[in-house]
Structures are given as C-alpha cells and as structure tokens.
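Contents: one structure, followed by commentary.
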Amino acid sequence: MSFLSATLGNGLTQKIHESKILVVGAGGIGCELLKNLVLSGFENITIVDLDTIDVSNLNRQFLFRSHHVGQSKAIVAREVALQFNPKAKITAYHENIKTSRYSIEYIEQFVLVLNALDNVDARKHVNRLCLAANVPLIESGTTGYLGQVSVIKKGETECYECTEKATAKVYPICTIRSTPDKMVHCIVWAKECYKLLFGKTEDSMLWEDPSNEDKSAFMDHVLARDLAPSEYAQGVFRGLFEYEIQKKLDIKTYKTASKMPSPIKWQDLSLPPPSTSTTWNDRMLWSLEECVQNFLDTIITIVQSNDDIGHLEFDKDDSHAMTFVAAAANLRAHVFQIPMESLFACKGIAGNIIPAIATTNAIVAGLQVLEAFKIIRLQLEAKGSIATDCKYTYCNRSWDGRGVVLNPVALSHPNPKCFVCSRQMLDLALDIKTTTLHQVVEHVLKKRMGMNAPTVSIGSNTIYEEGEDAEESLVVNLPKLLHELPGGGLHHDTVLTVEDFSQDFNCSLCVKQWTDTEKDENATLSFLLGHEYTKWKQDLAQPTTDAVADMELVDDELEVVQHEKRRVPSPAKSPRSKRMRH
Ligand SMILES: Nc1ncnc2c1ncn2[C@@H]1O[C@H](COP(=O)(O)OP(=O)(O)OP(=O)(O)O)[C@@H](O)[C@H]1O
Ligand SMILES: [Zn+2]
C-alpha cells in the first residue's frame, strides 16, 4: 500500500487521482501548491497563469530556475511538477483567467478550483465563475507573515465579495498635491510626476489645463518637450522645486503649514560634473546634489531612450523609473522638511512592497491541499457539508514573533446583503447631469464592481453591451451624459440593470442624484456605491463627519481616489468637462 493510501485510505486516494482540478496562478503560492498537489496524488490538473518568469521570482517560486527567466510560468511549472509524478496529466495555459476560454461551462468540468492569485480583480472574477458553475473554490492569500485560506461554495458559505475588502491607509489629495508631511505623500506625488512627464500626461493628478491662467508654475516647463533633453530636465526641475514652491509661498498658500517649505534654488546648487558616476548602495541616503543629479539624469535618459513617451507606466522594477521617483520624492521631501529616504526604502513604499515570505506561501498552499482533501472526501462520502467541514484558516505570527499560529474558524454564511451571491440591489449615487455612461462603465462597473464585459439596460432597453455578439452601434451612448441616455435618461431612483454574461452576474443599481460639493476640478469621478451611500446618509444626520477616502492601497497598487467631504448635496451643476483618473 502506498504512503498516500495508508494515510488517506484507498477510496479517497483513488478519488484524488481522478479528480479534475484547476489552479489559477503559478506564482509564490501557485508553485508550492502545484508541487503539493502532485505529491498528494492529484493527477489531473489544469494550471493557468498569464505571466512570464522574472528574476525577482526565483528566490521563492522554487519550480523556476534562472534559465527559465522570460518563459511562461504555467508551462515551466507544469514541466517541473511533472518530474515529481510523470504519470500526472497537467495542462498548462499561459493566459489570463478572464479570457473567454474560461467560461462558466469550462469551469463546470472541475471538481474544485484553487486560487493562487495576487490581485482582487482576478479573484472577484474567479469567485463569480465558481458561483455560477457551482464549483467549490479554495481561496488563498499572503501578505508577509500573514496568510489565509478559505473555502467558497455557492449558497453554503460567504463568497469572496460578501465582505468589503479591507483597504489600507487613506490620505487626502490636497495633502499629496500641496502639503505633504510624510515620505509616502512625496512618493505618491513623484509617481504622479512620472505620469505627468512620461505617461498619459492628462491622467496625472498634477496635470493642469495649459490654457488656464492660474496654472501651476511647472506646467509650461513640463510641456516644453521640444527643448534639448538637458535643458528640458533643468526646466522641469526648476518648475517643480523652485518656481512653483516660491509662487505658493508668495501667495501665502502655506500660511497654516506646521513647517514652511523652502524652494531649492538652482543657482545655489553645486552639481558634480554630469559624467561623475557615484558608487552608492541602494540603502544609502543621497545628498541633495545627488538627488538633483539623479532627477536630471533620469529625465534625460528616459526622454532619449524611449519612443514611448506619453504611454509609459511606472514600474518599480524599471531602474530609471524607480530612480526618478526616488529622486523626485526626496527633492519634495527636502522642500517640505521631511526626512529623506534611501532608494531601497522608496522602492518599498512605491511598490507598497511587503516582502513575500516563502514560508507563509508554503503554509498557505499546504492548508489549501488539506481543504481540497476535505472537499473530495465530502464528494466521496456524500455526507457532511463544506460549510461545516471546511474552515477559514488564518496564519499569523505568534506573539513573540518566533513562530506561526494557525487559527481555523468556521466559514461564514452567505451575506444576505451581498450584491454578488445574494443579488441585492445597490444604490449608486452620482451626479446624473455631469457623468457620462463611459465613466460609469469604466469606473463603477469595471473598476469597482469587477465586471469584465458589462451589459447595461434601463428597463427592457439595452443601452450598452460588451463581449461576443455585442451590439456595436450602442457605443454611441458611451459619451452621453446619464440624463441624456435613450428612453428619457436616468433620474433620481431610476433602476439600472447591469449584467455580465461571462460571469453569470447581474445586479440592479438604484441611481441617486448626488453631487460632491467639495469636488476638485482635477479629481476623478465621484460616486458612492452601496453602503457608502447609506453611510453618507447617516453622516448627514451627524454632520460633523468629514470622511476622507483619498488613497487606498489595494494589493500592490497605490490608488488615489476622490477627496470626499460628505456634505449636503448641492443641486447638480451644469455639465462640464471632467477628467477621470485611475
Ligand atoms: N488574471 C490572471 N490570470 C492568470 N494569472 C494571474 C492573473 N492575475 C494574476 N495572475 C498570476 O498570479 C500569480 C500570483 O503570484 P505572486 O503573488 O507570487 O505574484 P508574482 O507576480 O509572481 O510576484 P510579485 O508580485 O511579488 O513580483 C502570478 O504569477 C500572476 O501572474
Ligand atoms: Zn457574496
């Protein structure tokens, strides 16, 4: 008798061999999981991952070696895992789980799905697929030393979206734009600065209309792209750290600031000759002159070596981008008397990096397999239930930091208010007269509600749809303001039906007229969804609350959202151009 049969029994071992399972993600958790599954007797596994192997993955994604760098994670993971059990049938796809191949019918062929993902968006999508296909999902996640595993089953347990995902610290936009007092504010500002100079300029929080007479002093310098790179870099530097700061000091913008900023005057700097290459390690602090030099050098290098200016996106692993952000953030920190930080520390903040701990990934992947055993045993024995037999297990550091505590708790019931698994109607409050359907589709339906290919209807009239066989002529409705949509437009209390056939998801949104009176012209679309609107109404009864929800850290993404001072709504303003920002 094999070791597995001796441990699990013949019946369960046989069932495990036959069970067809899907693993989504072949990264830190995924590599551990695939190895565990193969060694635990699973012989029919499909693995999907959209990414290729990066050098930075090698320290913990142990199925990969340096000669695999650049190759598909899923395909290499399959090849290496097969060496543990050549009899296993492992199918690998180098694809996004959100593509149409992974339809509800496709998911139905598996007895269970195991997530080993790193982002909320993909997790929401797999959650909906599994609910629709009625296939159990074993969800997992780690953050440094913390980790958790849970099991989701339609109608029996809470789903991934039954509870709002915790969002971390929040900062007001005005703090980022005008009065930073922490390094993180300077880094968020520097990333916006990167977007302003090299990415989608108009999407940057720092962008201002060039025809506006009151625009910031740096705007003309940022747009002077015809200049020679070194002249351009110097202009941008002076615009950001000298002229603009001086201008704001002159108009007494900072009169209430606890520490007065001071501009960095170009003529006071004694920069080393451009060719001087300083040797530094990334944990050392740069001097002011080194920051200036790095700021100028990276602008020149990026401008000279990229045809993609106007489309670049910040990537913490791109050394020029990271050096630029660290230099810009430190210069801003210097201006505002905030302690400067090393490149290494800046990278941690910019990427919101909590180091991945291989051991936590291994523990979590092990727990996933234990839950998988339970689910397969339930299918074999046809008694018990996922809700009672499976557990939500937290992995924490022990109080003395010298070990790990596993804390299994009962799975929760589905939340009757969940708009995903309980299909509850949600309130959507926004300014009907200034918001376009395009903004609702991109910011509310896709970004916030996790929809992939939305269809939008008012009553029985479809006003917009995406996906295969979508009616293309309906795109004419996208730029329309909500009150101008066909069928008389949207009004306060109109019910909008939104559906995503790829996720078997539908939801009714009760539209509420709402205007954020404190709106900043440069801010992103303001809206309140579901409990946010309920809370806002409660706040009206206690009008002292100033809810600030400006910056959320979601997974590895720093996102800046609208400053919302919850006040009595004013009547809708006249339509005006509004920019959207992610
Ligand atoms: N929509 C998706 N479809 C398929 N695979 C996905 C999707 N989203 C994320 N993944 C994969 O999930 C895995 C998550 O693994 P992990 O958290 O270790 O991330 P990583 O990108 O490898 O590491 P790091 O972010 O720390 O550099 C990644 O390999 C990633 O490619
Ligand atoms: Zn739910």
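Backbone N, Cα and C define each Cβ position, glycine as well.
Lifted from TrEMBL, the feature list:
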type: DOMAIN; residues: 8-378; note: domain 'THIF-type NAD/FAD binding fold'
type: BINDING; residues: 25-30, Asp49, 57-60, Lys73, 118-123; note: ATP binding site
type: BINDING; residues: Cys159, Cys162, Cys418, Cys421; note: Zn(2+) binding site
type: ACT_SITE; residues: Cys174; note: active site, glycyl thioester intermediate
type: DOMAIN; residues: 293-346; note: domain 'Ubiquitin-activating enzyme SCCH'
type: DOMAIN; residues: 428-515; note: domain 'Ubiquitin/SUMO-activating enzyme ubiquitin-like'
type: REGION; residues: 562-582; note: region 'Disordered'
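Sequence features annotated in TrEMBL and their locations in the structure.
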| residue | record | Cβ contacts under 8 Å, 6 or more apart |
| --- | --- | --- |
| Gly25 | ATP binding site | Val48, Asp49, Asn115, Ala116, Leu117, Asp118, Ala122 |
| Gly28 | ATP binding site | Asn57, Arg60, Gln61, Ala116, Asp118, Thr142, Ala356, Ala358, Asn361 |
| Asn59 | ATP binding site | Ala358 |
| Asp121 | ATP binding site | Gly450 |
| Cys159 | Zn(2+) binding site | Asn127, Leu131, Ile152, Pro414, Cys418, Val420, Cys421 |
| Cys162 | Zn(2+) binding site | Ser412, Pro414, Asn415, Cys418, Val420, Cys421 |
Shell of the Zn(2+) site beyond Cys159, Cys162, Cys418, Cys421, same chain only (C-beta within 8 angstroms of their C-beta centre): Leu131, Glu158, Tyr160, Glu161, Pro414, Asn415, Val420, Ser422
Filtered binding-site residues, from Gly25, Gly28, Asp49, Asp118, Cys159, Cys418, whose Cβ is under 6 Å from an atom of ligand 1: Gly25, Gly28, Asp49, Asp118
Among Gly25, Gly28, Asp49, Cys162, Cys418, Cys421, the binding-site residues whose C-beta sits under 6 Å from ligand 2: Cys162, Cys418, Cys421
Among Asp49, Asp118, which are binding-site residues, the residue with the most C-beta atoms within 10 angstroms of its C-beta: Asp49
Secondary structure tally of the domain 'Ubiquitin/SUMO-activating enzyme ubiquitin-like' (428-515) (DSSP, helix then strand then coil): 24 helix, 29 strand, 35 coil
Local confidence of the prediction over the domain 'THIF-type NAD/FAD binding fold' (8-378), expressed as mean pLDDT: 92
Among Cys174, Cys418, Cys421 [recorded positions], residue with fewest other Cβ within 10 Å: Cys174
Residues of the domain 'Ubiquitin-activating enzyme SCCH' (293-346) by DSSP state, where helix covers H, G and I: 34 helix, 0 strand, 20 coil
Three-state secondary structure, Cys174 (active site, glycyl thioester intermediate) (per DSSP): helix
